[in-house]
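*Asks:* For 1-17, the entry in TrEMBL reads signal peptide. TrEMBL lists 7-152, 366-495 with the feature domain 'Thioredoxin'. Among the features that TrEMBL reports, disulfide bond is placed at C71-C74, C417-C420.
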Amino acid sequence: LVWLLVLSLAWLGPAVGDEEQDGEVVEEEEAEVLSDELKEEASVLVLHEHNFDRALSEHRLLLVEFYAPWCGHCQRLAPTFARAAAVLRNESSPARLGKVDATAQVALANEFGITSYPTLKLFRDGNRTHPLAYTGRMDVEGIVRWMQRRSGPSATLLQDAAATTAFISSQDLVVVGFFKDLEGEVAQVFYEVASEMVDVPFGVAKAAELFQAYGLSADTVCLFKKSDEGRTDIPMDPARGMDAAELTRLLRVHSLELVMEFTNETSDEIFSAKIPHHMLLFLNKSSSEQLALRDGFRAAAGAFRGEVLFVVVDVTGFGADVLPFFGLTPADAPTLRLVKMENNRKYRMDQDTFSDAAIGTFIRAVLDGKVKPHLMSAEPPEDWDKQPVKVLVGKTFEQVAFDETKNVFVKFYAPWCSHCQAMAAAWEELGERYKDHEDIVIAELDSTANELENITISGFPTLHYFPAGPGRKVVEYKSARDVETFSKFLENGGTLPEEPPAVSEVP
């Protein structure tokens, strides 16, 4: 989504991810014959095809990083991976970390389908046929916790009321599963979720006295937190069942604070919550009058838990970077916007009142489809139609693109997009070539500053052709981005001509 892309460029630093290199990998001849001996570098096992089986047989849990020496992400991960390996080793954990140079150990890379770097896979109980993809955070604590959850019980068994009370009080946020059968299907789903959600302590209880103490009569997962609602119960129906993904989603949703403040620390939580709508209150935190508006905002949030995430954005702090995405400036605060995350459609609430009743009524109207989205538009430049490439904005797009007497070819771009910059010269040349054609218009629109009601742009650059005539037809161009191919497309009425098949000469 454009929303996520814009924000990630604005404030998220480089993260460990995939990094690929084009071209063939050439396996160099090894200077020495490798044995099955297991050697270490900074507590990390150095693995290759000759000692891989031995490593699996000697270590019940083995997390292996497949890396490339030239990969920048791998280089940044290396010291973190080594520190995590040292922590696990010092704890005498059965879990160990290893690494494989996938550019040198081509056979292993092919066997495990390694196509990008770094790739981390967990091997359990000597099984090399079904390794588990690593899903944790790429920091020391994240790696250690992820491995700890797999080396021991993923949930603490709570035997009595005293132990349960102590466990619930131990952290700001804990999850306890109450199950009458700890070997049953729903309990196994709970254990699976517990092994993945390593940032939250999980406990499990079976005793009838504990069911009674917490007012439960059936299998239930309870989330206890020292804020907002305090406790959230998620019933587990053995007949209907619940899969791990759904339970994870519910726990993530209810573990969030009812109202989040948008900061560097919370931005990942906000965007990974998978809540379909975000209600944003933009305010200036230095103003006590504006800060008071949070009360009504919070009062409205409870009715929409899981459906709408309520977020406070400080326009003079960390939130200043996202203001252009909404077409706002600090002077516009306080103001409210609702965003549909699936398509980045934004809805503006009239600012006559910030009461919880007014906010709730507005949100319900948006969810019921009774409010039209608020579309941003830049002001058209005075000479927007005087240059070979016409400069469109939201306000002028409709009249130009759907002019029934013109064939209009539009480039939707973002100013920061390197691919857009790379094809800019070709687009200008195309405009120059067709500037005197009465029925052909070459145009461009900055999609970061302009939004259209019926056209959603999800990548840059996107090229659309709007042919002359009735019907409001739209053709997406997906071929080569050079002037000659563009021209063939235009001259052929919005399609590329079929090339004649090559005929080989037979002597």
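We count from 1, first residue shown onward.
Cβ coordinates come from backbone N, Cα and C, glycine included.
Keep in mind the model is a prediction, meaning the values are calculated, not measured.
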*Asks:* Between the Cα atoms of C71 (disulfide bond) and C420 (disulfide bond), find the distance and write it as a whole number of Å.
*Replies:* 26
*Asks:* For the domain 'Thioredoxin' (7-152), what's the model's average pLDDT?
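*Replies:* For the domain 'Thioredoxin' (7-152), the model's average pLDDT rounds to 83.
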*Asks:* Given C420 (disulfide bond) and C74 (disulfide bond), what distance in Å do their CA atoms have, once rounded to a whole number?
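*Replies:* Counting only the Cα atoms, the answer is 29 Å.
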*Asks:* What whole-number Å value do you get for the CA-CA distance of C74 (disulfide bond) and C417 (disulfide bond)?
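*Replies:* Taking the Cα atoms only, C74 (disulfide bond) lies 25 Å from C417 (disulfide bond).
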*Asks:* Using Cβ-Cβ distances, find the residues under 8 Å from C417 (disulfide bond) that belong to the same chain and are at least 6 apart in sequence, listing them in sequence order.
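*Replies:* For C417 (disulfide bond), the qualifying residues are F460, P461.
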*Asks:* Could you break down the residues of the domain 'Thioredoxin' (7-152) into DSSP helix, strand and coil, giving a count for each?
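*Replies:* In the domain 'Thioredoxin' (7-152), the DSSP-based counts are 49 helix, 30 strand, 67 coil.
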*Asks:* So if I draw a 10 Å sphere around the Cβ of C420 (disulfide bond), how many other Cβ atoms end up inside it?
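*Replies:* Result for C420 (disulfide bond): 20 neighbouring Cβ atoms inside 10 Å.
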*Asks:* Around C74 (disulfide bond), how many other C-beta atoms are within 10 angstroms of its C-beta?
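*Replies:* Other Cβ atoms within 10 Å of C74 (disulfide bond): 22.
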